[in-house]
Amino acid sequence: MGVEGGMKCIKYLVFFFNFIFWLCGIALIALGIFVQIELKNTLVMTGPPSASAAPIVILSVGVIVFFISFFGCCGAAKENYCMVTTFAVLLTLIFLVEIAAAITGYLFKDKVQSVINDEIQEEMNTYNNKSIIQKPLDDLQKKYSCCGVTNYTDWFNVTQFKPGHVPASCCRKAMACTQNPTPENTFDVGCVTKIEEWLKKHIVIVAAVALGIAFFELLGIIFACCLMKGIRSGYEVM
């Protein structure tokens, strides 16, 4: 037998929320790709790949949510107790993973500056005309109008350069500064500061999307549990 009355309404709500989850899955996949591209354009990862974990997690969750939504639709359409239960369990696990990821990100947020600082410093130390690091690091400094870790004087300690020299990518537009850099002709803000500003700006977008998805997931779990109860009771669809 099927579900009736209020349970029939719950059934259609589960359909609705699965459509929302399907859209959320697409949104997470798009967000993961966006973050991955921006990270590649922002940081040249020469050290541990820890910084690439965020977009991978976002992409993975997006793909899982995308497929779980179809599973939930089939369970609701067939009024299959086992499928709806599996859907509710999987959605709950995803919800818990997202909470764990948010807590982990919050706990390690203070280490971000240190990681970025070390990465850029390492890239500067391996910078030379034949290094694969040169172009990406030059692109980074041009894109964010920054120079060095904290400021342009960081380049003075790099062995590939003579004392008091900086790369051409540190120079302001139409100004030669490689041999005589000053705050007037050189980007005087460090890249760590610029990248932190970028992260603070975009973390708001990521957090807003995550909160919205988590809200719909929680509602989906509740309605799925209600539908499970209705299916188990064995009422007929009216």
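Numbers here mean position along the shown chain, with the first residue as 1.
Cβ atoms are placed via backbone N, Cα and C, with glycine included.
The local packing around Cys146 (disulfide bond), expressed as other Cβ atoms within 10 Å of its Cβ over all shown chains, amounts to 25. DSSP assigns Cys146 (disulfide bond) to coil in the three-state reduction, placing it in neither a helix nor a strand. Residues or ranges marked as disulfide bond in TrEMBL: Cys146-Cys191 (among others).
Marked as disulfide bond by TrEMBL: Cys147-Cys170 (among others). Less than 8 angstroms from the CB of Cys170 (disulfide bond) sit Gln141, Cys147, Gly148, Tyr152, Trp155, Cys177, Thr178, Pro181, Thr186, Phe187, each of them six or more residues away in the same chain. In the three-state DSSP scheme, Cys170 (disulfide bond) is classed as helix.
Positions annotated as transmembrane segment by TrEMBL: 12-34 (among others).
Here the transmembrane segment (54-77) has Cβ contacts under 8 Å with residues 11, 14-15, 17-19, 21-22, 24-33, 35-36, 39, 83-84, 86-87, 90-91, 94, 97-98, 101, 105, 206, 213, 220, 224, 227 of the same chain, all six or more residues outside its ends. Positions annotated as transmembrane segment by TrEMBL: 54-77 (among others).
Residues annotated as transmembrane segment in TrEMBL: 84-108 (among others). The list of residues near the transmembrane segment (84-108) in space but at least 6 beyond its ends in sequence, with Cβ under 8 angstroms from a Cβ of it, reads 14, 21, 54, 57, 61, 64-65, 68, 71-72, 75-76, 210, 213-214, 217-218, 220-221, 224-225, 227-228, 231.
Under the heading transmembrane segment, TrEMBL lists 203-228 (among others).
Cys147 (disulfide bond) is surrounded by 27 other CB atoms, counting those within 10 A of its CB over all protein chains shown.
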